[in-house]
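TrEMBL lists 1-21 with the feature signal peptide. Summarising the annotation, TrEMBL assigns domain 'Ig-like' to 1-124, 143-218, 228-317. Feature annotation from TrEMBL assigns region 'Disordered' to 154-178, 363-416. Annotation source TrEMBL lists compositional bias 'Polar residues' at 156-178, 401-416. Positions annotated as transmembrane segment by TrEMBL: 331-353. The compositional bias 'Basic and acidic residues' annotation in TrEMBL covers 370-383.
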Amino acid sequence: MAETGAAVTTVLLWILTLTECQDTPITCLFSEACVLPCSFRRSGEEVIHWQTLAGQVITVHSYYYGNDQLKHQNGTYKGRTSLFKDLISHGNASLLLRNTSIQDQGRYKCYTSTTLGNQESFVSLRVEAPIKSVSMERTSEGVTCMSQGIYPSPRVSWSTDPPTPSGTLQDSSQPTADAQGLFSVNSTVRMLGNLSDHAYVCSVSKEDGTGEWRASFRQQEDIHGEVGQTLAIPCPVPKPSLFTQTWTFMGQTPPILTHNSATSHQDISDLWKNRVQDLLETGSLLIQDPEGQNLTGTYTCKVSADRTLQLVQTYVSFTGADKHSGSDTRLPAAVAVPVVIIALLMIVLLIVACKKGWLRGSKCQNGQNDENRHREAGGDERMPLSSMNGGRGVGTETGGQNDEQPVNSNNGGVGT
């Protein structure tokens, strides 16, 4: 019985030792702070060493004599590590690693020594950069699905709604990594048959299929409207999910309209105010009393919700005469009035400058010639009264005689 008990005790001690030597798995998010756990039997004179074991031993952080000792710290960890100083006396030697990178992945050893002895524990660190967004667009080659800043390499798959046979959509693109080790995807499939027959769905996920994001693209049938007649462009929105809806015209910025269902806040571009209205219940865009064919083009509805993106494009054409077309070429009053005022001020300034002698030359000469031509055409308004009466009556202009002649000259010489 004693031998059996001793054997059981030995097995239990072996299991306990094996458990202590097992790595603790930790997953950190790229560029964020992360804690690598480590605990020990608390006592005095603590010595702590954190090291990585990737091929060669690299010093990550050291602590002894009651202070950090970073003389031998590897340069890639400089300024990114620290211990929880107020917890060391309680047996906590956990390491805070900031701004984690893909290169930080690997196996870490926490070595501690106190007056009670030495301990070692291990942490297996994995770094992930989850999918944060997926975008989609229609190109000359088909439909393109894009996402970036992902680790590890994502998985991309395509489908259609309604479904098509497996293998119908061919995509040969592969994820590519940047200098930081983050992956980007740029996947394109060709559209099938009639553009409006299918919706194209792109799914981007982790290697194990979790963390999936979905984006879809649908080209609706063309819509034809009449100038002056209100027209609705449909775009279904998810219910009861929270979402953000954005309408654009021909890819132009700013967008026509943006609506946030969480806050019920709606922004309409100044160029489109009084022209459009968002039908909140259906997601449709109402074009009110379209003025002309300049509103003909492609309208895009983008709906963003939790891990989903929906793009709907519709080509809309308007027929009929533009409301503002015609022969009226008059300047608007807001433009014409200032132009007239400026022209009059320039004329007045020119006349004053000539009369005051401030300005001489051709401009004043032209002004004098204009005045002479005016006299020849319409007569001098300052002519003597006798000239205006055909030479009859008091005085003549010949011989230099004065207009104030004696009265007897008007009576043919009689009376003297």
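Cβ coordinates come from backbone N, Cα and C, glycine included.
TrEMBL labels come from automatic prediction, so no person has curated them.
What you see is a predicted model, and the numbers here were worked out from it, not measured in a lab.
Sequence-distant contacts of the compositional bias 'Polar residues' (156-178) (same chain, six or more residues past either end, CB-CB distance under 8 Å): 145, 150, 184-190, 192, 198-205, 216.
Across the domain 'Ig-like' (143-218), the DSSP tally of helix, strand and coil residues reads 3 helix, 38 strand, 35 coil. Per-class residue totals from DSSP over the domain 'Ig-like' (1-124), listed helix then strand then coil: 30 helix, 54 strand, 40 coil. Applying DSSP to the domain 'Ig-like' (228-317) sorts its residues as follows: 6 helix, 44 strand, 40 coil. In this model, the domain 'Ig-like' (143-218) carries an average pLDDT of 92.
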